[in-house]
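For reference, the structure discussed in these notes is given below.
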């Protein structure tokens, strides 16, 4: 068995441990700390709760707070309110599939309980597989197995950990995105495009991933110019770009069209249970049977843009208010991390960045042995993607979501700290010199697995370098604080 398979197993083992610990801690925090009375979406329960349902709510209720309630509501009742359309259908559909698999337990569990169990099981599975997908992607892009290994371990300790466990779409999106990136690196553009399209059906920022497909096609176009007449490659490039935009944009476009048919075309209203109708009246939620919303008359009737503007006040520089300073401080670590990564890469490879990664160096001799690891030329497109997300998120979004926004969308958040740890932590280099531990059980004699050097650092925390203290301090504090605050309706969104 190759070293890659063994390190993948170690990543999976660590991911399982982190997922189990996450679920245990959220249940503990949810039990001992009373929920804060937040002004959040809280629809009434329509089905009676038995003793087993109450037990499930007590153990997993911390996973249903803030935006998670929207996803659970959509999975249970569909898109009844206008503001529900801020949340794309990919994740609610996955929860419904999970609830259907648990249907044999419906005598004991109502639908909401089965959805909560689906959240816990599916997001644990998605985040574990995402860690493995990130490891494999790192091996392909970084060409440095240890950095890929460290990056995957850091993903298991992600600052966005609570959102990878709670009823949010981040875990599924990370799995689809990292898997699509890996398939593209292997040259499987069709499989990659399909996975990217599925990711777009989970989160709207999946549309940005069109850039990866277009970039790959442009690289192929430039390579083909050396040997072919330019007309045929140009036509192929134009067709590929159109197909990429169409494929990745289709899930989002179909979702917008579905909203249009519900709110802008007459005769398609469906009955709404009385308690949910009363909630709409009390809270002022727009429903299908109400007055036609203003976005129906737009030249391009996009409900998503309208909801982000009216319900969430999302827009250019709208969050730049004095009262939002705490949220900017909350987002500062991940913003600094990505900005630092960008600066390090650009100052190391200015010519590569000026040519958009198409030409690695003015000196052709340096092409033979490109830098391994984070500073390798293949990282450029991922860094450009991360920088674009950071710029957009900082200027146009609720800035406190940057941690989960970047933590589930770009591998740079994990690759750059892995690079820093490998290059600036003396203790880590000494741990790397220790022989890898033998496998246990029925493994083939002589096989070894890579030591979890991140755990080795945690056991020797008194001897950290300053860089390691900052990196692990940030990852672990956000990992724990997120569980403590988010699971009790405290401000951690």
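Residue numbers in this text run from 1 along the chain shown.
Cβ coordinates come from backbone N, Cα and C, glycine included.
Whatever TrEMBL says is automated annotation, not expert-curated.
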**Item:** Range annotated as transmembrane segment - as stated in TrEMBL, picked from 309-327, 328-346, 347-365, 404-422
**Value:** 328-346
**Asked** TrEMBL tags one of 209-234, 235-260, 261-286 as transmembrane segment - which one?
**Response** 235-260
**Fill in**
Between the ranges 147-178, 435-466, TrEMBL assigns transmembrane segment to 147-178
**Item:** Close approaches to the transmembrane segment (115-135) from elsewhere in its chain (Cβ under 8 angstroms; 6 or more beyond its ends)
**Value:** 7-8, 11-12, 14-16, 19, 22-23, 56-57, 60-61, 63-64, 68, 72, 75-76, 94-99, 101-102, 109, 148-149, 151-152, 155-156, 164-168, 171-172, 174-175, 178-179, 182, 411, 414
**Message:** Against the transmembrane segment (328-346), which of these stretches has the most C-beta pairs under 8 Å: 12-33, 85-103, 471-492?
**Reply:** 471-492
**Request:** Please give the sequence-distant neighbours of the transmembrane segment (147-178): residues at least 6 beyond its ends with Cβ less than 8 Å from one of its Cβ atoms.
**Result:** 7, 10-11, 14-15, 18-19, 22-23, 26, 62-69, 71-72, 87-88, 90-91, 94-95, 116, 119-120, 122-124, 126-127, 129-139, 195-196, 198-199, 202-203, 206, 209, 333-334, 373-374, 403-404, 407-409, 411, 413-415, 417-419, 421-422, 450, 452-454, 472, 474-476, 478-479, 482-483, 486-487, 492
